[in-house]
């Protein structure tokens, strides 16, 4: 009886217990498990411990973590996050681009909540930080708080004091001017007087050149634009101040390594000193936490090796990109009160400190952080906090849909200018031309954007067009089958077996083809779209970037085929002439073909690394001057590395196809030639080569199609932009960059169909050749 009573009491206790609400929190870049940074050795703790403390203090709330992987060029996580926000799949969002979701009206306006909550003090943040995260909403024509800040991503100027000492150059000032940077970078470019090693005065990662250009514009008193009272974006870049800033970026690039666009020549200095870069214009402020754990690297004789300055300021003392991340509240959340409690709790001094110092390698944005023990590393702490407090107001395009188009145009302009860095005769003209091009492209985009209010989201394409299109296609094919297959009633069971396969084909192949064709006639960034007619095709065909990618594709492909087919044929002939171990040779040559292209490309990237790769190391041991052998970091040699990789990886396929062709040649032809007195070379020339012609044509045609579709290896070796200086960007990489790097899906679709028609033309030529051969036979 007692066990029964105990069981009943337990059930009653469970029923009477306070219900627990689950809050789903999406995090980006926060460690889920204890560990240490592989670059610096700095330990970090799992965020589960911090959130467990919140659950202890708030027993009615349970935290569920949804980790979101950060992708290159923001690939993937934007659309996935938006889907979760719309489907009640997340309550609290931690993300740098909350502006974009604010404009889409999928996260809550926190203004009323903050105004009505006396326990939330906005003055706890560093000067200008809270207001800096307001988002301009065109539909409302006002700035609105859609997130509360907690991590800063502000940038600094970093410099190597040791290189300054070697050259006898005075350290950078706290707020250096562009003229000071230019003068000191020029003085420290050349052979180091103490070590004899080559030094470069300047470096900035090509990935962030748009931010460097922005800072330079501020330093020259220029402006990128503003949001007008009517909610429209206004951009005026083609001004004398902005042209001078662009000119400065181009001129100072002469003091950078030729490979500076790749980001490979100099690792970020908080990761490892490079010993040859004096000044880095785009330095992450989170270096403050890494220094104590790298004393043997960052300190010399007890003195901090690296110095840091704030970025360029305008006439009002403001300047520098203000970045970072916010905590936002999903509009679809069913537990907004509990989610707001969690957001407030995480903003408190004690828990914000643990979040930043233990769980997240970021710089805090609250005033109390000035007194945190790990923030007191000499003057560096004041430099970082000072940069945050003097950052210019965030530009309206940052984090909003226009960013992906406008930022792309700026980056292309800088890259276009950097490609001519060493052509000093044209450099002054190029600066003005770049700004004119960016202005024209931006005006065109803004004019098209006026057709659709920025706050209005484009309905999901599958919902609007996919299913109707799928149904029409299905009915059309069904009608064709019924009309032309009069025995349909007899074999209807077998057609039912084909139905699942046909449905999958229509849904995953036919529909994407039709939808991409439709998108090729629209200006679309995935959220907004406007009919553009043939403008996308005109843009692609007139684009120098697309022309360059097509040239790279043809250059790499033709050189690969020109070398690959003869080499494969010669090796196949040698293997075919052997009587022993032929199977071993086939396996040996075919092994690279079965390896992953991505994995093999990573290995090749390491082999040809100019700083630590084995190839340059052994060449140096042999006495070769490797200072100019930059391989994948030099536009002059990068293509040849790609061709070498393609030859190595594809040789096995060519050899096997040639072997198959060689073994179809009758032995009787060689025997008859031997009776007539023909030697081995004559047999090879008069019998082997003519009979191998169909095989060569097959390899050439399929090789051309494969070359036009080249992507995996060049993407791994040089990224979507084909660094350095777009020297190895192929057409498919261009399409990928347009679609997932700049979110210009209309342009990407048009480029894809241009490539499709090129491949179709080659396929038709191959078909006509094979048809002619069959008719002749």
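Cβ coordinates are placed from backbone N, Cα and C, and glycine is handled just like the others.
TrEMBL annotations:
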- 1-17: signal peptide (SIGNAL)
- 465-484: transmembrane segment (TRANSMEM)
- 491-514: transmembrane segment (TRANSMEM)
- 550-766: domain 'ABC transmembrane type-1' (DOMAIN)
- 554-575: transmembrane segment (TRANSMEM)
- 587-608: transmembrane segment (TRANSMEM)
- 640-662: transmembrane segment (TRANSMEM)
- 750-769: transmembrane segment (TRANSMEM)
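When each of the listed stretches 491-514, 554-575, 587-608, 750-769 is scored by C-beta pairs under 8 angstroms to the transmembrane segment (640-662), 554-575 comes out highest.
Within the chain, the transmembrane segment (750-769) has long-range Cβ neighbours (under 8 A, six or more residues past its boundaries) at 516-517, 520, 536-537, 539-541, 546, 697, 701, 704-705, 708-709, 731-732, 734-735, 738. Away from its own ends, the transmembrane segment (554-575) comes close to residues 582, 585-586, 589, 639, 642-643, 646-647, 650-651, 653-659, 662, 684, 688, 692, 696, 699-700, 703-704, 706-708, 710, 714, 728, 730 of its chain (Cβ-Cβ under 8 Å, at least six residues beyond either end).
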